[in-house]
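> This is the structure I have questions about; it appears just below.
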């Protein structure tokens, strides 16, 4: 390939097979590349493969043919990327590659997933084994041709599990023709433990390798139903019975028999190391496998298949005989070329083998040591040497085991059941793959030869599919013959076989003496394995054949079977040798891909046009090479052709929907695309550098301006500071001089004012103290009087409350006794009575508690009041003393004033007076403090009184609330009693009717007795009282027939509406009411009406008929609901007395009030309804629900195509979108939210960024409509779109990689489950901006949560379930429809033709 510097390539790697790299430099003719690990490697350009870096960001493609570069490393790493996301299935054209996940993925295999793939075109949904199974089933039904599914892969790759899933899906779509408790899949799989025990063994690579090929035929009848099944086995490795190599093992059944305990002792079986056929290898046990438990499973499987206990004993007896037979050794005899038993041990094993085979020991020894030859003269007995005797012994063991295995397979087929008349079938082939060991022998040669034949068949099919693809796309393609023998050459040249034992292993002859000996066995099973031979075969002792000839014959038969069917291929891949999940071994998988033919299919594709892209994908990727063609044109094919012609490319073909390119052409296109992107990147870089340089220049210029301005500012500030300091000095000097002069003046002024104020304040203070004391005394008296009055009021109030509580308790007890009496009459409400008693006791207990608290509060208040009274008395005494002291002080002050006025010059007297005044001041201060203390105590008392009053008010409010709750409970009990009475009355009528009917009376008989039913009364006067009984019955029958004809015409013709009232419903109701049909004990008119409505619904335009009869049926149901009552509906039962005023009276009163609520008391007389009327009401309710369901399904069918256009953007939008696809199966059964949400989980092209923007814009428009629409039109539609809104919001955010799992769950997608978030995260790819999905840490966390949930959840589907129930009830219809007056209607013209309906005309007149 031509590479350039910076190209993305794949380079060969010893450890990883291939590794991603980038071209770094050129060294001569070689290229130096830089790998992702940072290592530089030299390689020739011919050994490099191109790599598309864009595909790595998308998580791989679901079809290998969609790869940009279809090569070996691209295939390998595409599987690796999908396997990391648990996408274990990938297509390669029509081939499905299945990688074993080694963990449970139940969400991929449930019923929801099978329903999605049922009928879906192949390739539309994600790759799945169900898609292959469905394609084979559809091809079988459409082409009437048998199909085959070839499941191949090495041991441990999951072939058996894949086969099980295929049969599970075929059972789902095909069902079972005959009634059987077990499905075919179960019956076939139940035989697996038995076939594994006798056909599986340990090999070098696998502990449970199938050593035979299995072809399961599932047979179908003409209707596509499963009618039978059969298991065909091929190529059993018989030589393993007598010869194995270390570390392999013989077949599992031998080791299970050795570990069987008592059965082993019964057959003289010990440890496997004691037997020659088992001790050739030193491996006797398997890791994690118990042979004893496996033996029990094998016996259980035999029971399930239907093998009797006698046959089971014979089977294990035969196995024990084979083991003992292998321990027989020979030594040279006395005669030449003769042999005898070697020792006593050999004799012992011979005797045991003969007893287990139930044959004669001497004859057994003779058949092993001699041969008889038939000649014309007679029979000649020839002795055998030791080697010939050993070979005969081994031939006998292989023959017995092979026939026993064939007998088991035939037994299983008889248990499953075959359909010999089936014309079509689907066969599932489970066969081993290529084997290449260090030592390859005859078995590997046969296995590889068989796989080579299958590979040849596979190559022919793949090449044919390739040519069919070209023919379908209508491109110029020359049909050449493709013959490829490279695999045969590789098989001959590269694989080395040890041919030492080829001839011995190929020898497969049947000794006649052996057959005769075992056919005469006393064991029926062994004798049945060896039927008697014809006389021609008795002439020779040997029936010669070879393993290779039988092998070739069986292989030819298998190839003929496959050639007669249309094949489908599934290649199972084992990701690692440790059987661990999320471990991908590149070298091992690459070897399996090469051996499984996947890379051969790629090579076949490379021979033609390996690169193929749809026109939209091609234009989206390479449209940048010719932007002049992208404006205004939507013909993608023409654009693609112009692009290719502009680039001068010739090796391409334009198909109907795709463009096909030869190998290497996509590299040229990508190279040109890289050049365009490089030039664009350089232009962006140049513009960015210009922007950065200009930005730096502007920033530096602005910084220079700022620096200059700052320097000028500093100089100006310094000059300003100097001038300001000079002015401040002058101002300070002036202010200091002014302050000194003002201070001297103020000192003189203040001295004068102080002397004057002292004299004036003394006189004023004396007058103020006297007034203050008088006011305090008055306030104390007022507060004391207020306290006495408030105490008296509180006492009276508490007494009144106590009396009220006692009276209410008395009333409550009286009501309780009344309720108990009523509860005894209605035993069904004992539970409600108990609850009310408990609530009443609780209220009574709370009332007593409140009383106790109130009494204790009153006692505390009275004690506190008495203390306050005593304190107040003491304060009054202190106040009197203070008054006396104040009077004395006033007198003294008067004397002192007189003395001061008389003698101002007596200094000593003046000083004594001053001392006395100081003492009085101290006493006054003490009095003030005592008054303040008293005032504080009074305020505290007032505060406590307010708190107590507030508590009392709260307690009163609580008591009122309790009273309201009691009244509400009483009301609830009454309503409950009313409902119970309603149900009891209706059930009573139904029971009485059921008891009155005879056991023989059924619906058909009732219909036949129509002429004998109770005559419906009419207003026509009978002609004569002397009419005979036959005459009367005939007239009644005629009247009934006329009534039926009139009702039939009312039902079949469209009568329309008047003022919103349906005429048909009103006419039918008035006729039934007039004919007293509701009061009749036995009539068939109601059944006739229901059948007539059902017949009308089957014919005519559904868009007109269904809404019309939904209105009529709903209106008729409302009329019955409002105007009918059952017999005895408003009267008490006979067990109750007529004058009872208990529960029954209250029930009747409650029901009457409820009738008034729904419009019963509008002057309409209630009709006593009998059993047929009640049954007709139920049938009419079912009819309304049926019509509503039909309307809803039709509406969903009309909306489904419109919703399909909402989930994926159209191609004409010229954004990166995927291909359009049809809606999933079963879309009419889904809601809009479910219909929009499921494609995001099932189709990768819908889970893109651009598609999310498209759906989000549509949801925005829908939100505007819902905001502006009325509630009756919008409803809960916005809530139903909650899942799709959150999923789309998650798709269109750019920073998904930075979001944690908690942020996604709590903020972005709270309504979605972890399984749904994981599905969206792994399927997401950004086709517009190239953003990535969530981080690997978040994916790992979700995977761990899912693995834990898989063990606990019963359902692991990420899809949503739809609610298909009817969203309304009869009561909802009754409340929604207004009151209907059936009398105010417009009568139809044909009513005059019927005499039975003339009363309607008279009433209208």
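Glycine residues also receive a Cβ, built from the backbone N, Cα and C atoms like all the rest.
TrEMBL: automatically predicted annotations, no manual curation.
Quick paste from TrEMBL:
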- 153, 154, 155, 156, 157, 158, 159, 160: ATP binding site (BINDING)
- 865-993: coiled coil (COILED)
- 4-53: domain 'Myosin N-terminal SH3-like' (DOMAIN)
- 59-674: domain 'Myosin motor' (DOMAIN)
- 1087-1348: domain 'Dilute' (DOMAIN)
- 555-577: region 'Actin-binding' (REGION)
- 997-1018: region 'Disordered' (REGION)
> Under 8 Å Cβ-Cβ from residue 156 (ATP binding site), six or more apart in the same chain: what's there?
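Non-local contacts for residue 156 (ATP binding site): 100, 205, 206, 208, 574, 579.
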> How does the domain 'Myosin N-terminal SH3-like' (4-53) divide up by DSSP, counting helix, then strand, then coil residues?
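Its residues divide into 3 helix, 29 strand, 18 coil.
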> Let me check the 10 A CB neighbour count of residue 159 (ATP binding site). How many other CB atoms are there?
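Result for residue 159 (ATP binding site): 27 neighbouring Cβ atoms inside 10 Å.
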> Could you tally the C-beta atoms, other than its own, that fall within 10 angstroms of the C-beta of residue 154 (ATP binding site)?
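A 10 Å sphere around the Cβ of residue 154 (ATP binding site) contains 22 other Cβ atoms.
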> Could you give the number of helix, strand and coil residues in the region 'Actin-binding' (555-577) as assigned by DSSP?
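Secondary-structure composition of the region 'Actin-binding' (555-577): 9 helix, 8 strand, 6 coil.
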> Please give me the CB contact count at 10 A for residue 158 (ATP binding site), counting all chains in the structure.
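There are 23 of them.
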> Going along the chain, which residues six or more apart from residue 155 (ATP binding site) have their CB under 8 A from its CB?
203, 205, 206, 208, 209, 210, 432, 574
> Quick one: of 153, 157, 160, which of the binding-site residues has the smallest count of other CB atoms within 10 A?
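Per-residue Cβ counts within 10 Å for the binding-site residues 153, 157, 160 bottom out at 160.
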> Averaging the per-residue pLDDT over the domain 'Myosin N-terminal SH3-like' (4-53), what integer do you get?
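88, rounded to a whole number.
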